[in-house]
């Protein structure tokens, strides 16, 4: 191979390397918007675009977070409303989404993480404690939040909230992802089909307690 060919090959390799370091590009970056076609298959870049001729103003609107988020979920006593791409196709490819939580007195949001995005919490009503556990230090960073307060919860970190006081706490969360995802530790541990004996071994919990928790969260095994 001559010197010119070697330089050309090196240039191609460098370009491919640089491209591999860039975030996966959004389907909407080269156009005004990309309303999600939810009937299609979701990809790392989002959903394919709905044909522009079928897009209306309604595609850019979502009223699902207005009013109450619905009845509180058991056993957490927290009502959740989501505005991710699955509920709000207009955010497809725009690296943004939202959620609402209504935490009744005594309610608690269990430890969970969002592998796909950072969460910014804003308190609309009431007060709550919000915090996260650092993955590298296992240190807890927690604050009592009141109406008008903000807290940021870094991507991928286990975090939680619980209400304080005698009124329902209402928070709006914004994410820097159209699909931040969520893994709730309680469901990961006890809603699966892993045998209770194995869960007991890997968590150091009493096996009878594991069986009880599996029944509570709908697990098997």
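Glycine is treated like the rest: Cβ placed from N, Cα and C.
Quick look at what TrEMBL annotates:
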BINDING   112, 114, 119, 159  Mn(2+) binding site
BINDING   114, 119  oxalate binding site
DISULFID  34-49  disulfide bond
DOMAIN    65-211  domain 'Cupin type-1'
SIGNAL    1-28  signal peptide
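For the Mn(2+) site, the Cβ centre of 112, 114, 119, 159 serves as reference, and the other residues of the chain with Cβ at most 8 Å from it are 113, 132, 153, 157, 158, 180, 182. Secondary structure of the domain 'Cupin type-1' (65-211) per DSSP (helix as H, G, I; strand as E, B; remaining residues coil): 22 helix, 61 strand, 64 coil. Within the group of disulfide-bonded residues (34, 49), the Cβ with the highest number of other Cβ atoms inside 10 Å belongs to 34. The Cβ neighbour count for residue 159 (Mn(2+) binding site), using a 10 Å radius over every protein chain in view, is 22.
Across the structure, residue 49 (disulfide bond) and residue 159 (Mn(2+) binding site) are spaced 33 Å apart at their Cα atoms. On the 0 to 100 pLDDT scale, the domain 'Cupin type-1' (65-211) averages 94 in the predicted structure. Cα separation, residue 112 (Mn(2+) binding site) to residue 34 (disulfide bond), rounded: 30 Å.
Cβ contacts within 10 Å of residue 119 (Mn(2+) binding site), excluding its own Cβ and spanning all protein chains shown: 24.
For residue 112 (Mn(2+) binding site), the number of other Cβ atoms no farther than 10 Å from its own Cβ, over all displayed protein chains, is 16. The C-beta environment of residue 114 (Mn(2+) binding site), restricted to residues of the same chain at least 6 apart in sequence and closer than 8 Å, consists of 153, 155, 156, 175, 177, 180, 181, 182. The two recorded residues, residue 159 (Mn(2+) binding site) and residue 34 (disulfide bond), have Cα atoms 31 Å apart. Across the structure, residue 34 (disulfide bond) and residue 119 (Mn(2+) binding site) place their CA atoms 23 angstrom apart.
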